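Straight from Swiss-Prot, the features:
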- Gly2: N-myristoyl glycine (LIPID)
- 3-16: region 'Important for the stable binding to the membranes' (REGION)
- Gly24, Leu25, Asp26, Gly27, Ala28, Gly29, Lys30, Thr31, Thr32, Asn126, Lys127, Gln128, Asp129, Ala160: GTP binding site (BINDING)
Amino acid sequence: MGLFFSKISSFMFPNIECRTLMLGLDGAGKTTILYKLKLNETVNTIPTIGFNVETVTFQKITLTVWDVGGQKKIRALWKYYFPNTTTLVFVVDSSDIERIPEAKEELFSLLAEPELADSHLLVFANKQDMPNARSPAELTQLLDLGSLKNREWFICGTNAHSGQGLYEGLMWVKKQMKT
């Protein structure tokens, strides 16, 4: 009997699939976030040369997350990951104030890409545990997110090691996928 209701439930409320592209400058914490979401563990990482791809399931949403390296030489390859992206997750090291202008430039370059025009934007203001971290409100101004008039976006403070804020971001993605 339980199997019957399980089958009915999955038919009436199927998993929503979301192709997610996670980008940001090198050292922002993208890979640490990916594996915190996937394994609920903090893993030791090395700079990503190329990409990592993992499937993360969260409350009836299946996210295929493409984590692409953020080194300057690799950024030219980002465009090959754009097709069919539902959600763009842009990770910013909120404690590295000197690189925030560079992050803003890369973000706005991404947002100008026609293949990403319909994607939702989730900004993870990562490393909130660092003493000099900028708050999400400060990063909203520094990244000029308020100027984005024709795109759904959300920013939340995160700590990839503890998981703080990550599920808040996924809840926003879930809400966007249902609308």
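In case you wondered, yes, glycine gets a Cβ from its N, Cα and C as well.
Since this is a predicted model, take the numbers as computed values, not measurements.
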Gly24 (GTP binding site): secondary structure state under DSSP, collapsed to three categories: strand
Nonlocal neighbours by CB distance (under 8 Å) for Gly24 (GTP binding site), same chain, sequence gap 6 or more: Lys30, Gly70, Phe90, Val91, Val92, Asp93, Ala103, Glu106, Phe124
Fewest other Cβ within 10 angstroms of its own Cβ, chosen from the binding-site residues Lys30, Lys127: Lys127
Cβ atoms near Asp129 (GTP binding site) (within 10 Å, other residues, all chains): 15
Most Cβ neighbours inside 10 Å, all chains, among the binding-site residues Asp26, Ala28, Thr32: Ala28
